[in-house]
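Undergrad: Here TrEMBL flags 1-341 as domain 'Major facilitator superfamily (MFS) profile'. What TrEMBL records for 1-15 is signal peptide. If you look up TrEMBL, you'll see 49-75, 82-102, 108-133, 154-181, 193-214, 221-241, 247-265, 286-307, 313-336 marked as transmembrane segment.
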Amino acid sequence: MIFFLMLIPLWSGSASDIGHFKLVLRAGIVLWLVGIFTTSVCHEYWQFLLAQGVCIGLANGCMFVPTMSVVSTYFDPSRRSLAIGIILCGSATGGMIFPIMLNRLFGIIGFGWAVRAFGFMALALLVLAERLLKKRLPPKDSAKFFEPSELKDIVFVLFIVGSFLNFSGLYFAFFYVNAYARNQLGMTLEETIPILMVLNGVGVPGRLIPMFLADRYFRPIHVGLPINLITALLLFVWIAVKSTASMYGFAVVYGLFASALQGLFPATMADLTIDPRKTGTRFGMGFALSSFGVLIGSPVGGALIEYKHGDYLYAQVFAGSCGIMGFLCVGLAVFIHGKKSKELTS
């Protein structure tokens, strides 16, 4: 699902730039509704994979980046990062509310109608979003899905390579932290649900505070660098988590910094884009190239757990090492960016 969310913007971002924002958004809404309502009648794993992984993944890819790129054009650089952060808080808020709602409804009205109730609530929110969102800038005459000329910007390339490495490690913790709590700490499934709530809940301040700092005092890429390092080091700290209390503590701190790193990714791309009419194309390229980190990282981590017979050590070291390498790439991008800025001012 996350892979498609990040890959499809390669097309949807460019389509939005040339004037098809509403068409892409509506296609995403229809696909999302098809995915969620077909989920309510799924019984087999492959059915859930198609409905959730493919259909909703494609839908999210149609809606996510075009929405961010359009909203970012309404704000000057001094407020743009915070605006993007507020958008991204929607996922954190939904990640807190809807799992609790569904978990309670499952026992009252059953799986099918619980998912349909969620779908009807989402329908109202999606229709409201479609009515509120409008493209501000005139469309480009033409746009390619992939602009090779953008890869001549070494700062942009280094940032994307660093993000690919970061996402390879970052999402491993999101996908496996609950399994770790059950398999290594002996927690029950019900006891691990609040961990997911915590990871999503701290995403609100995790996205807003760094964005405020990026707008008011620094630039997104400068705020993201130390957060990148801390997130990578926390994956090594995870190795020392051996109790329920420390598991919750890790979820709070990691969720805070990992969500900040996630939020600063699109904010940095927007900041590094000089021509606002190319925002959708750049977002699409950046997300698409980084998406393979999401696709590769977690399966590799899972394979390492299996290789170690259920021990998470090798997988945790792999995830942390990816984060460190990502930090080094982004650090080099910051250095070159600073050097270019000094040359321009002098």
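In case you wondered, yes, glycine gets a Cβ from its N, Cα and C as well.
Heads up, TrEMBL stuff is auto-annotated, nobody curated it.
Help me picture these features in the structure, burial and contacts included.
TA: For the domain 'Major facilitator superfamily (MFS) profile' (1-341), the predicted model reports an average pLDDT of 83.
For the transmembrane segment (108-133), the residues of the chain that approach it from at least six positions outside its boundaries are 21-22, 25-26, 29, 32-33, 36-37, 39-41, 67, 70-71, 98, 101-102, judged by C-beta separation under 8 angstroms.
With a cut-off of 8 Å between Cβ atoms, the residues of this chain six or more beyond the transmembrane segment (193-214) that come close are 81-82, 84-86, 88-89, 91-93, 95-96, 99-100, 103, 174, 177-178, 181, 220, 222-224, 227, 247-248, 251-252, 254-260, 262-264, 267, 271.
Non-local neighbours of the transmembrane segment (247-265) in the same chain are 81, 84-85, 88, 92, 163, 166, 170, 173-174, 177, 180-181, 185, 187, 194-195, 198-203, 205-207, 209-211, 214, 220-221, 223-224, 227-228, 230-231, 234-235, 237-238, 241, 286, 290; each lies 6+ residues outside the stretch with a CB under 8 Å from one of its CB atoms.
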Undergrad: When you scan the chain for residues with a C-beta under 8 Å from the transmembrane segment (221-241), skipping those not six or more beyond its ends, what do you find?
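TA: For the transmembrane segment (221-241), the nonlocal Cβ contacts are 159, 162, 166, 169-170, 172-173, 180, 185, 210, 213-214, 247, 250, 253-254, 257-258, 260-261, 264-265, 268, 271-272, 312-313, 316-317, 319-320, 322-324, 326-327, 330-331, 333-334, 337.
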Undergrad: Does the transmembrane segment (82-102) reach the transmembrane segment (49-75) with at least 3 CB pairs under 8 A, where each pair is 6 or more residues apart?
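TA: Counting Cβ pairs under 8 Å (6 or more apart in sequence), the transmembrane segment (82-102) reaches the transmembrane segment (49-75), since there are 3 or more.
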